[in-house]
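A.B. asks: Below, the features straight out of TrEMBL:
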type	residues	note
REGION	61-86	region 'Disordered'
COMPBIAS	65-76	compositional bias 'Low complexity'
COMPBIAS	77-86	compositional bias 'Basic and acidic residues'
DOMAIN	106-317	domain 'Lon N-terminal'
BINDING	G472, P473, P474, G475, V476, G477, K478, T479	ATP binding site
REGION	701-767	region 'Disordered'
COMPBIAS	701-710	compositional bias 'Basic and acidic residues'
COMPBIAS	727-740	compositional bias 'Low complexity'
COMPBIAS	741-754	compositional bias 'Polar residues'
COMPBIAS	756-765	compositional bias 'Basic and acidic residues'
DOMAIN	796-978	domain 'Lon proteolytic'
ACT_SITE	S886	active site
ACT_SITE	K929	active site
Amino acid sequence: MLKALTSSCLQNRFHAVTTAFTPQVRRGTDSNTPLLRVLGSLRSSNRRGPYLSRRFFCSDSTDGSESNSEAAASEAKPAEKGGDADSKASAAIVPTVFKPEDCLTVLALPLPHRPLFPGFYMHIYVKDPKVLAALLESRKRQAPYAGAFLMKDEQGTDPNVVSASDTEKNIYELKGKDMLNRLHEVGTLAQITSIKDDQVILIGHRRIRMTEVVSEEPLTVKVDHLKEQPYNKDDDVIKATSFEVLSTLRDVLKTSSLWKDHVQTYIQHIGDFNYARLADFGAAISGANKLQCQQVLEELDVHKRLQLTLELVKKEMEISKIQESIARAIEEKISGEQRRYLLNEQLKAIKKELGLETDDKTALSAKFRERLEPNKEKIPVHVMQVIEEELTKLQLLEASSSEFNVTRNYLDWLTALPWGSYSDENFDVLRAEQILDEDHYGLTDVKERILEFIAVGKLRGTSQGKIICLSGPPGVGKTSIGRSIARALNRKFYRFSVGGLSDVAEIKGHRRTYIGAMPGKMVQCLKSVGTANPLVLIDEIDKLGRGHAGDPASAMLELLDPEQNANFLDHYLDVPIDLSKVLFVCTANVVEMIPNPLLDRMEVISIAGYITDEKVHIARDYLEKATRETCGIKPEQVEVTDSALLALIENYCREAGVRNLQKQIEKIYRKIALKLVREDGEIEPQNAEVDEVKAESIHLSDEIKSKEEIQAGAESANGSNDDEASENNAEAEAQGAENQTQKSANEDTCLQDTQETEKATESEASKTVNKVVVDSPNLADYVGKPVFHAERIYDQTPVGVVMGLAWTSMGGSTLYIETSLVEQGEGKGALNVTGQLGDVMKESAQIAHTVARTILLEKEPDNQFFANSKLHLHVPAGATPKDGPSAGCTMITSLLSLAMKKPVKKDLAMTGEVTLTGKILPIGGVKEKAIAARRSDVKTIIFPSANRRDFDELAPNVKEGLDVHFVDDYKQIFDLAF
């Protein structure tokens, strides 16, 4: 029955399982002689450790059969050709005299990874020379058997965590008793089929158990041969279990091809196949861990062994399913991406064929050509040639190369510039004048220059670029003038500040070879505005820096020079650009800080600042209006009086510009806004209550009306029916009395509510009518205490004190020069100077001392004041540095006043530098000084004769009320002062 089962049923099942799937080679098993293939693969395999092993299936291992041993030996023969003499001797056919059951003492070989099952091949590496010699010796004695025992894991280690190098090291070090303690008792009797160098091939025959140690080095033990427990071949449970094992193996083979080579080899040499062998086969080829396999090896009950194997193959089935799902998921992901890529490529190809879409390079070229099309005729020939060359180059480059991006960016800039595209200018002088007056009060000279520029443009029919430099103190409106000029001329406006600029590349651009290269500011300006004739405002040109990256002031020369900028060359574009139509407006606080070569190319228009009445106009017409709108306040809510504005300008905002004045006005309006919001916050809840009361009163009056109507209806009905009057009389009287009571109560409530509503409305109206008035007495509540006090320290200047006029970057100011006698004595004449004066003013003091002595000698020959007096000359406001060549005459007058003990005339101020011979030299800042004198209520001013022309050019409102004397020698001043 067993024969029939194994030869027909089981074999047929195995053929059904395996022939359905093409065997996929895992270890090179595609020949009909598996042993040859095994040994061939072993020759070429790497040797990785002392006892590394691989398992292969053997054709047959029927216990005790001579033919099996001979067959195994003969199969092993071809693999050993070419070996040494010893291996040839060992490869000889094992004689039939020696049988496996005769082996009772064997050499113990440790298996590190898996146990060897009967019927399977395994090769191991033996590093210990003593063990290798003992194996060779046993083959020579024609007893080619050894015991293969699985090693136990070390104490305290996780069997699931693999560390192959540590395991190999441990096996190599273990010997004798240590080795014995680490081996499982039950192992496999293995036939040594081949020994080549340190590689040994074993074939498992039968189960054995160690009983006692014979020798420790090499480890030799006595063994008992184990046999399966008797079982009933016809037992239905065993049959069913074996069929389930086969069925599961077949299912595993459907999902996994890893086992097909094992099954093919096994079926070719199925031989005497029984239930015990089936259990061993399933356990041997499963991927279970070594302890589970060892459990199957130790189990002698065939039914239990089959059950253990069934568990292992079922687990293998689950692993195969997981493997299949992982493979499917990854395959889907990869195939999805590949499919999308292929479809995209096909779509591109189809669109290209149909002309619907072009590739990236063609699309880019088309975009650049489209940009050039509108003004192609205006583009210079040399520029067009460069663009065509770059477009050709773009088509030849790969899109992934870095050069492609550089060329694309370069073409982007070249095609984006407005070559020959100019905005239509408006040469209407009257319109321009109106715009300039709208935006700025005063500044007559600046406006006149702009109107001249427009007039020339109108007569020529075309405008030319100029460089106008607006110089003046902060806050006088230099930047906003530039914006107004652009509006008046109908030009595009572009502003960039060069304050602190230290890199030449910001102006001239970077070379294209650098990473992140960009053109200079001028090219960026042209691209931004879209026209070739914008107005470019270069702010803070007096604050140009100078760093390690060159001198930007020198780079600005080419940009601003009208003779050169028709062919301005940017380093990035590397093609000449015409900037001759660009109107450059520069701003600076101090012209002296601008390098001379740069200043030489500019037309300087100085803006001195504003006098008090100009500031009042600016504050009233421009600043206040803009601030009110910004703060969201209506004109009827606020009134700032003229006296308040005047006090604000004189006591808080004396500087030349109006920026600080704007800040102070904003401060006033912010406080007013807060005041208004606080008041509204008190009113709002009252308004809500009033609305509620109104609604209630309306609702009540409606109810009263409806009740009155009902009552009137009832009364009329009663009047018409005289018959029913007597019956309903009592009822009507009662109802009437009740209604009357309710009516009177409701009327009282309604009247009270209406009165309250009227009161609330009146209070609201009164609050709305009240406007916030800012006057000079309450100005301090909004802007704090005055910052400036009167510049006039003295109403009548005492002896030795004279008022001078000074120019500062913030405008003009008055200052006093005081001289005092320290001590007097024979030959003690000396001068001490204080007041944080610069070198120029210190020298002026020395010159003044000398000239004063000369003049005193002329006027009063007997007066020895200077020869015998130690004097101290001081200029107040010692914290402020003072320097400049315009205080000489004031110092002389101060010294002479003290020497002659005569005070100077009241309301006199002077300015001018003196030479040693008494000549008066011209000064600067005439307008600022005149404004400062007016602010200090000075009526008489002394100016050098050379400054007469400057004073005549001043506006009438500045000159009004001033008595100005022009002198060229100090003697004239002497007569005026004393």
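Positions of Cβ are set from backbone N, Cα and C atoms, glycine also.
Remember, TrEMBL labels are computer predictions, not curated facts.
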A.B. asks: Could you name the residues, excluding G472, P473, P474, G475, V476, G477, K478, T479, of the same chain that surround the ATP site, i.e. Cβ within 8 Å of the Cβ centre of those residues, in sequence order?
C.D. replies: L470, T587, N589, I607, A656, G657, R659
A.B. asks: Looking at the recorded positions T479, S886, which sits with the largest number of other Cβ atoms within 10 Å of its Cβ?
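C.D. replies: That would be S886, with the highest Cβ count within 10 Å.
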A.B. asks: Enter the number of other CB atoms within 10 angstroms of the CB of P473 (ATP binding site).
C.D. replies: 23
A.B. asks: Determine the most Cβ-crowded residue among the recorded positions K478, K929, using a 10 Å radius around each Cβ and all protein chains in the structure.
C.D. replies: K929
A.B. asks: Nearest to K929 (active site) by Cα, among P474, G475, K478, S886 (recorded positions)?
C.D. replies: S886
A.B. asks: Fewest neighbouring Cβ atoms within 10 Å: which of the binding-site residues G472, P474, G475, G477?
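C.D. replies: Counting other Cβ atoms within 10 Å of each of the binding-site residues G472, P474, G475, G477, the minimum falls on P474.
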A.B. asks: Give me the CA-CA distance between G477 (ATP binding site) and S886 (active site), in Å, as a whole number.
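C.D. replies: A Cα-Cα distance of 28 Å.
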A.B. asks: If one measures from the C-alpha of G472 (ATP binding site) to the C-alpha of S886 (active site), what distance in angstrom results, rounded to a whole number?
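C.D. replies: One finds 19 Å between the Cα atoms of these residues.
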A.B. asks: What whole-number Å value do you get for the CA-CA distance of T479 (ATP binding site) and S886 (active site)?
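C.D. replies: T479 (ATP binding site) and S886 (active site) have their Cα atoms 30 Å apart.
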A.B. asks: Average the per-residue pLDDT over the domain 'Lon proteolytic' (796-978) and send me the rounded value.
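C.D. replies: Taking every residue in the domain 'Lon proteolytic' (796-978) and averaging pLDDT yields 87.
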A.B. asks: At the level of the C-alpha atoms, what whole-angstrom distance separates P474 (ATP binding site) and S886 (active site)?
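C.D. replies: Roughly 23 Å, rounded to the nearest whole number.
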A.B. asks: Which chain-mates of V476 (ATP binding site) that are at least 6 residues away have a CB under 8 A from its CB, listed by sequence?
C.D. replies: I607, A608, G609, Y610, A656, G657, V658
A.B. asks: If one measures from the C-alpha of P473 (ATP binding site) to the C-alpha of S886 (active site), what distance in angstrom results, rounded to a whole number?
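C.D. replies: About 19 Å separate the Cα atoms of these two residues.
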